[in-house]
Amino acid sequence: MLVFGPACGFILGSFCTKIYVDAVFIDTSNLDITPDDPRWIGAWWAGFLLCGALLFFSSLLMFGFPQSLPLHPDPAVESEQAMLPEREYERPPPSNGVLRHPLELDSGASCFQQLKVIPKVTKHLLSNPVFTCIVLAACMEIAVVAGFAAFLGKYLEQQFNLTTSSANQLLGMTAIPCACLGIFLGGLLVKKLSLSALGAIRMAMLVNLVSTACYVSFLFLGCDTGPVAGVTVPYGNTSAPGAALDPYSPCNKNCECQTDSFTPVCGADGVTYLSACFAGCNSTNLTGCACLTTGPPENATVVPGKCPSPGCQEAFLTFLCVMCVCSMIGAMAQTPSVIILIRTVSPELKSYALGVLFLLLRLLGFIPPPLIFGAGIDSTCLFWSTFCGEQGACVLYDNVVYRHLYVSIAIALKSFAFLLYTTTWQCLRKNYKRYIKTHEGGLSTSEFFASTLTLDNLGRDPVPASQTHRTKFIYNLEDHEWCENMESVL
């Protein structure tokens, strides 16, 4: 369900960007630009206001919850409400034939005493190689989503010459719904095939390999930058081959062209110019452009937009299909990963383990990747805009280098995730019972509680009054299991 939020967000963003940024202050009917114009700035603030209002009103419903949720009355049922194991990792012994719930904390323990346990529990979890590898693999998978998807709209704009609203709408209607389907199919396969932890990790490795192969195909699906006068090719009518590239040329020296905005035009000679001014056009109807070498002056015309690249439309359709398949298959690894993580920790630590997972996902998976992807994208810039002599935003990229670097970072993250999955598989294959707490063939938690009660009440001889020893259950951090220990009463 969480994935439907970004899907709706992309679609909402596509509608917001079709509204001019100052639409509430000016009469938009007097504008001479459209959403297809590179100078157009959409109402980016509208989505924040709408979603902020929805968050506020939905949060009011939280006040309907009671101050504390009641515990389940049946002690044999596993409870997920406990975050930490008992103080000192000790399970209380049976008393009068009644077994206390193993997740029940000592009511006399103070908040400070419970907080003291957190570093020990965290160290205990991270010392488990299966848990650590699965968490790091999940971070790498999320890093691909956070970094690759964050700039995917910009990537579509640059590679396939799409508008911002079109790119957002396509992402919201194709890639993200496919990811929703992938998460559902992953959970369905785990359930229908009754996969063990080893089966789940094999499934995660398989879908990782297939999705990585899809990313490799992206290296060959894109469009070139094309000839841009003064940036990638010299001006044809004034510069000799091999001359230094400069957007300013004798044919436009008297036009006083500015580089604070990027309004590309396509000349009749098949060359893209940074603007009609840089093309040397001396009229508002984009004719009589002095920098074009197309013969008679009446043929020296330009049209708004970049010149189209041959085969770009077909490459875009192929890219969109592969992106849908890649999103669906890649998302199928999410459920197996969570299943393994849940099974590799003790029942008392499941809630806390999920908390550690989400914390590391945000620290490692969501914060660094956009910075890394953004720095890589900026390094492929061919032409920067300038404002009052200071560098502004990049207006033109080397599409080939952009594509290769952008996709290669995602492939590197996916490959690292595969290595972590492989390490997890090796650990489970060599010592399955050590790392899996509720593995197949063993007792579930509730069954274990019930069997312990039966042994205490029915299977053992009555405890003599002269008994000088009692049973004590201690949680063994090394073997990750409860151990029975005889303790002298005296």
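Every residue gets a Cβ built from N, Cα and C, even glycine.
The domain 'Kazal-like' annotation in TrEMBL covers 245-293. Sequence annotations record features per position, and here TrEMBL assigns transmembrane segment to 40-63, 130-150, 170-190, 202-221, 316-342, 354-377, 405-428.
Distant neighbours of the transmembrane segment (316-342): 3, 130-131, 134-135, 137-138, 141, 144, 156, 159-160, 162, 170, 174-176, 178-183, 185-187, 189-190, 195, 197, 200-201, 203-204, 207-208, 210-211, 214-215, 217-218, 221-223, 350, 353-354, 357, 424; these residues of the same chain sit at least 6 beyond its ends, with a Cβ under 8 Å from one of its Cβ atoms.
Contacts between the transmembrane segment (405-428) and the transmembrane segment (202-221): present, as 3 or more C-beta pairs lie under 8 angstroms, all at sequence separation of six or more. Mean pLDDT for the domain 'Kazal-like' (245-293) in this predicted model: 77. The domain 'Kazal-like' (245-293): residue composition by secondary structure is 3 helix, 5 strand, 41 coil, according to DSSP.
Residues 9, 12-13, 16-21, 23, 33-34, 164-165 of the same chain lie 6+ residues outside the transmembrane segment (40-63) yet bring a C-beta within less than 8 angstroms of a C-beta in it. Outside the transmembrane segment (170-190), and at least 6 residues removed from its termini, the chain residues within Cβ reach (under 8 Å) are 3-4, 6-11, 13-14, 149, 152-153, 156, 162, 200, 203, 207, 320, 323-325, 327-336, 339. Under 8 Å from some Cβ of the transmembrane segment (202-221) lie the Cβ atoms of residues 137, 141, 186, 189-190, 195, 315, 318-319, 322-323, 325-326, 329-330, 332-333, 336-337, 340, 403-404, 407-408, 410-411, 414-415, 417-418, 421-422, 425, all in the same chain and six or more residues away from its ends.
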